[in-house]
Structure formats: structure tokens, C-alpha cells
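Q: I grabbed these lines from TrEMBL:
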BINDING   His66, Asp104, His312, Glu316  divalent metal cation binding site
Amino acid sequence: MNLRELVSALNDFASPALAESWDNVGLLVEPSPPHTVNTLFLTNDLTEEVMEEAVQKKADLVLSYHPPIFAPLKRVTWKTWKERLVVRALENRIGIYSPHTAYDAIPHGVNNWLTKGLGACTSVPLHPSTAPSSPAEGTHRVEFCADAEHLDAVLSQIKDIPEISCLTTLPARVEGEEQTRVSLNCSQKALLEVVALLSQNSLLHHKTEILLLQKPLLPHTGMGRLCTLSEPVSLSDIIERIKGHLQLPHVRVAVGAGRTLESPVKKAALCAGSGSSVLKGTEADLYLTGEMSHHDVLDAVANGISVILCEHSNTERGFLSELRDALMIHLQNKINIIVSEKDRDPLQVA
């Protein structure tokens, strides 16, 4: 497949618009076109060891769940390992694509895979995603009526305000008088300027309506998951299930205040990776994530919530095999897709 065609297909699989605003997703390194992709190489973390594996296996595009370029690079030299990744990629004509939190949000993504470690359950996103393209523009709609005497002057001033869209006018009759109804979409910043302008004329101000344009929630899409188990299970049994699902010999466990290893777990909140900000404040019997700060663990335990920590990438990496199968179907078996054998969590118990 042509690289641009493949990137479009990957974006259809999980829209980059679903990623968190702070994230850096999409095509991060692009060899000079045209670039044909015969082999897509999947990894959780793109380290130098993994990059050498991708070179040896003649990969044309690396899909790295975590973005190897996050903080802006001021130069591309041989000095730091992340710069060297870019150099090696371009020298070997390998593109780099990262989905990260877009894969966290989608219904068939990382968090959905992690829920399977709990056993039979139903789940809903902890922080639902909104439709990225609805409404298309603006956060607010402003509507007001103006007579012919004021209309041209007001419209002229409004058109000078940045971040105004969908400006329309329609004839209207107000209290028996012929007027014009003006409607526009605007950003939060532009709203302040529009209101200030209309407030200068009390007749306009009193006839103004401001509507918040709320985007609809996307079903089964968003950050984290709140899972309700079909049948309550003891914490000790959940621990064994998670270890089996993630293929780990051990996990870290903090037992909630007033609970024991035999206490039942009915509701579990989970978030792949680093889950503190996503899980915080959620009422559940259990928090499951890769890592949390010491103080967030203390808060959870004090509130009677047990915590299972599996290390950051251990809650993500196992998804790659499922992703490979899903992408084979999505891409209609047009390219070879392989999963890294060198990718691993950097932490181990000594």
C-alpha cells in the first residue's frame, strides 16, 4: 500500500481526533514520497533495540503505540536516542506512526482488551468521548435581531472578529417591525468580543440569545472503563485473572481499608498505562492500571478501594497481537503485519 493510503486507513481505524489534546499522534516520520509499505511493524515502545529489529525485518512503517517523538525536537543529530531513532528511520526509509490515546478511546482498543482480564463483565467509558466533527465549527451560537439602521454596521464589525463562522441572516418580524435575524457560530474567545459588541447597543443586547453547542457523546468510546462483573469475585481471584491475562508472574497490590484479599469485587475501574488522572474520584471496589502515584494509591486505599498495578506498558503490550489481527481484517490482508519480539517493559524485579 502507498504510505498515504495506509495512513488514511489507520486514521479510519481510530481517528486521531479521539486522542487527548496533549498527545502527539498520527504520522510522525515520513520518508520522501512515493513510499510503498509492504511490512507494517507493531510495537508498544520504539526503543533503539526495537528500531534495529524493524530494520532487520525490512519494515516500511513502524506503528508505535507510544509516540517516540513527544517533546519537540530542536535538532536531529546522533546525540540523543530519540534523535537517533529519527535518523535511523529516515536512513532506512521507515515511517513512524503513533496512535496512543486514540487507541485508548476506541471501543475495540487497549482499554477494551484490558477489561477481558477481569472475566465476564459489562463496561462503559469513565470519560466518554464526544463526536469530533459535530458541530463542525464553534463552541457557541449567537442569535440576535437588528433593524436596517444598525445591520450593516454591526455585520461589518462582526466580520472583523476572528473565529466567527456560519454567519447567516434571515428576514424576521419582531413586535410588528421588519428586522433581520442574525445567526453565527463562534469560539469561546470570540464570544466575549461578540457580546461586548452587542452590548454597546441595548436594543441588540436585549434581543440576543446564546446557545452552547454541545457535541454528542460517542457510544462505547472514551478514556478508561468502569466494569461491572457478572458475578462478584474475590480480590485474590481477580489478581490471578489479571496475571494470567497479562502473562505476568507478579503484580503490585494495595488492599483497600476494611477489605481483605477475600473481599468481593463487583465494580472495577481501569485505565491502561498511567491511570491516576482518569481513575481519580471513581467509585469502585478496585482500580486496575499500570502505574499510579504513591499519594493517589494512598487516597484510593483510604476510601476502601483496592489497587492493582502492573507497570505501565504491561497493561498495553498484550493488545498488539489483537491489534495485528484487527488490522489484517481492516486492511484486507494487503500488507504483512508483524509484532516486535524485542519490545518489553523496561522494569523487572531483581
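Heads up, the Cβ atoms here are built off N, Cα and C, so glycines get one too.
What TrEMBL says about a protein is an automatic prediction, not a curated fact.
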Q: List the residues of the same chain that sit at least 6 positions away from His66 (divalent metal cation binding site) in sequence and have their Cβ under 8 Å from its Cβ, in sequence order, or write 'none'.
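A: When sequence neighbours closer than 6 are ignored, His66 (divalent metal cation binding site) has Asn44, Asp45, Leu46, Ser98, His100, Ser313 within Cβ distance under 8 Å.
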Q: Just going by other Cβ atoms within 10 Å, which of the binding-site residues Asp104, His312, Glu316 has the emptiest spot?
A: His312
